[in-house]
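**Student:** Sharing the feature lines straight out of TrEMBL:
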COMPBIAS  1-10  compositional bias 'Basic and acidic residues'
REGION    1-21  region 'Disordered'
TRANSMEM  40-60  transmembrane segment
TRANSMEM  80-99  transmembrane segment
TRANSMEM  111-130  transmembrane segment
TRANSMEM  136-159  transmembrane segment
TRANSMEM  180-199  transmembrane segment
TRANSMEM  211-233  transmembrane segment
């Protein structure tokens, strides 16, 4: 960057000595930039999943055992979320940069999404645990799930910024944030309706109660995972595949 700055200073000096006409370079429409739009679509799907998970987790944890929940108190749920947040902070500061360095945005997002699926599938079976075993299982799962979500969302954000030139990043992030906000608005309402519906089918033969909740969450995660592969995800030519 220092070399680029020196080059720009030299160009400014040259322009003062010998004025020249600037040739405008028309920018490609952001809506026609498929690498950008495809990464935004994947980002929105993963945002929908993560927001819905956050809504469902608390409702599920405080539900009684007979309804497929963990029978936690509000204090217990708060402690799980606090530990998860602390673990996420440490992951972002000390671990993620190494993950991104060796795997890159796309591969790390795919691995995190793929591993999130079996992790979520274990949640309904935690209702059979109690005491220390339940505590260790839910704390571990919450921390790991948060780390996976951060890996995915950060990776897709990096892809969005890599898909546009520097002077278009503000507009690109504006489009991304608007789309993401729409999905974040839909997710809590949809998750609440889904949870209420699942509570009424505790004795269903096909994925009863809480099992259906996490099955649907996993289906959304699978859709997001598929969107990280070609032809759904386009990678800018100047961007490293990693």
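Here the Cβ of each residue, glycine as well, is placed from N, Cα and C on the backbone.
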**Student:** Taking residues 6+ outside the transmembrane segment (111-130), which of them lie with a CB under 8 Å of any CB in it?
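**Tutor:** Contacts with the transmembrane segment (111-130): 46, 53, 60, 65, 68-70, 103, 137-138, 141, 144-145, 147-149, 151-152, 155, 209-211, 214, 217-218, 221-222, 224-225, 228.
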**Student:** Short question: which residues 6 or more past the ends of the transmembrane segment (180-199) have a Cβ under 8 Å from it?
**Tutor:** 43-45, 47-49, 51-53, 55-56, 59-60, 63, 67-68, 209-210, 212-213, 216
**Student:** Any residues 6+ beyond the ends of the transmembrane segment (211-233) with a Cβ under 8 Å from its own?
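**Tutor:** For the transmembrane segment (211-233), the list is 38-39, 41-42, 45-46, 48-49, 52-53, 56, 60, 68, 106, 109-110, 113-114, 116-117, 120-121, 123-124, 152, 159, 194-195, 198, 201, 204.
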